[in-house]
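The structure appears below as structure tokens.
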Amino acid sequence: MLTPLTAFAGVRLRWPAMMRLTCIGILAQFALLLLAFGVLTYCFLISDFSVIYVAQHSYSLLSWELKLAAVWGGHEGSLLLWVLLLSAWSALFAWHYRQQTDPLFPLTLAVLSLMLAALLLFVVLWSDPFVRIFPPAIEGRDLNPMLQHPGLIFHPPLLYLGYGGLMVAASVALASLLRGEFDGACARICWRWALPGWSALTAGIILGSWWAYCELGWGGWWFWDPVENASLLPWLSATALLHSLSLTRQRGIFCHWSLLLAIVTLMLSLLGTLIVRSGILVSVHAFALDNVRAVPLFSLFALISLASLALYGWRARDGGPAVHFSGLSREMLILATLLLFCAVLLIVLVGTLYPMIYGLLGWGRLSVGAPYFNRATLPFGLLMLVVIVLATFVSGKRVQLPALVAHAGVLLFAAGVVVSSVSRQEISLNLQPGQQVTLAGYTFRFECLDLQAKGNYTSEKAIVALFDHQQRIGELTPERRFYEARRQQMMEPSIRWNGIHDWYAVMGEKTGPDRYAFRLYVQSGVRWIWGGGLLMIAGALLSGWRGKKRDE
């Protein structure tokens, strides 16, 4: 709590020593949080089951990389990771601007420090990962089997890294409101920090989609699950924010758009944590959590959101020079982009929160599924593609390479969505060793069953040979795993691909002597979806690199 006080005092009294003290405080806070996270990680690596959190989420036979993923595999560790990464962003901001005298920078640090203080208070009071038990547990309960996947080593850190960068950008916007001026210079700083945050969030969403495709066993890459939507919502607002800031930093227009989108992105980043960690929404990713945490989490979200909106309503001034729209100008196309993103955001927000509101009113339980989201967002998605084409080919100015790369990624993503949906073929059937089935011109032959014991689970692995016109082109090895510590059975799909086609096999329950249920899929274009996301990130990073060179 001392850091925001020294920051505000330094601005108010114009005392450089206070500003230096603020930077030192933020750097010290990051160092202490890094130490705390390092200690927690060490407890996992040595299987210290005297720590309740370790005993609940780890197992002595886990590999070291899965023990690392287990550090943020539960509520307490993931929140500590989020606070650590937000502190890292704050320390980087403080170090980068340590020589600046503009009040914008200490005010930004003050806003960041207030949010960090609130989050740390929640961690200490309701989410302490270091609570111990004596005598220690003999063995841990193991990591949730759904989370025992390489993608989960990087997926949560990338999401929190993205949230942190976007919260820094929002803090710059809030600091500019406290200062009483949001101009092109402020927008450039906001854009510079929003861009890497958006890139990290995009990478995290891509990894999460890949994990869902590889792990959940239904052959799809996006389920419109509340937890998935929790990361999509700030991504939508942040994407709109980057487009708005591109005009604000260059021409000083769309200031109110940029300010409001920065605040909305902050609110949605906090809402994502509320959705994921409060246990108030049913999710395929759901964890067994104490709903007592929902009240302080919601209070924290409401406090920061209302304070940010109140500050905007109090201090927002004229939105910059008037915007004159003429034909298919860049301004008109970006305004259309902002409106379309806001429409999709509203659709996803309503579909995600409606079940929660319905339940809180005592009307029962319900879920909003993929048909609603697909049908409601499809028209706006098609309009976005039209706007992208117009922005690329109709604008009279030379197309910038970063925008071209990012928009090519959007088009590749859209092509992947369409092709994978149209080409998908599937079949469910029972097979025993020696039997085969043909799907989409490919033959799947169940050859044998391999029983294995690996680390923290035992496995029944089917060997399924894959043939194309009598020529063997590979094999699939779907599994049924049994995790002893949790007494839980999981299906582990097997996927083979050649750059265009994906062959996907899932082995289900035993239905008779040497007979098992199988689900088989053949589809094309799925990898284009993730390739499109990577192109978007490449375009964003290229834009940031060019912008940095231009500023220098």
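From the backbone N, Cα and C atoms, a Cβ is placed for every residue, glycine too.
Here's what Swiss-Prot has on this protein:
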| type | residues | note |
| --- | --- | --- |
| TRANSMEM | 26-46 | transmembrane segment |
| TRANSMEM | 77-97 | transmembrane segment |
| TRANSMEM | 105-125 | transmembrane segment |
| TRANSMEM | 158-178 | transmembrane segment |
| TRANSMEM | 193-213 | transmembrane segment |
| TRANSMEM | 228-247 | transmembrane segment |
| TRANSMEM | 256-276 | transmembrane segment |
| TRANSMEM | 294-314 | transmembrane segment |
| TRANSMEM | 333-353 | transmembrane segment |
| TRANSMEM | 376-396 | transmembrane segment |
| TRANSMEM | 399-419 | transmembrane segment |
| TRANSMEM | 525-545 | transmembrane segment |
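Segment contact is absent for the transmembrane segment (333-353) and the transmembrane segment (294-314), given fewer than three CB pairs below 8 angstroms at sequence separation of 6 or more. Beyond the ends of the transmembrane segment (193-213), by six or more residues, the same chain brings 89, 93, 149, 151-152, 154-159, 161-169, 172, 219-223, 228, 231-232, 234-235, 238-239, 241-242, 245, 262, 265, 495, 526, 529-530, 533-534, 536-537, 540-541, 543-544, 547 to within a C-beta distance below 8 angstroms of the stretch. For the transmembrane segment (105-125), the partner stretch with the most Cβ pairs below 8 Å, chosen from 26-46, 77-97, 228-247, is 77-97. Sequence-distant contacts of the transmembrane segment (376-396) (same chain, six or more residues past either end, CB-CB distance under 8 Å): 328, 330, 333, 336-337, 340-341, 343-344, 347-348, 351, 403-404, 407, 410-411, 414. A Cβ distance under 8 Å defines the sequence-distant neighbours of the transmembrane segment (26-46), meaning residues of its chain 6+ beyond its ends; these are 3, 53-54, 58, 64, 67-68, 70-71, 77, 80-81, 83-84, 87-88, 90-91, 94-95, 109, 112-113, 116, 129-130.
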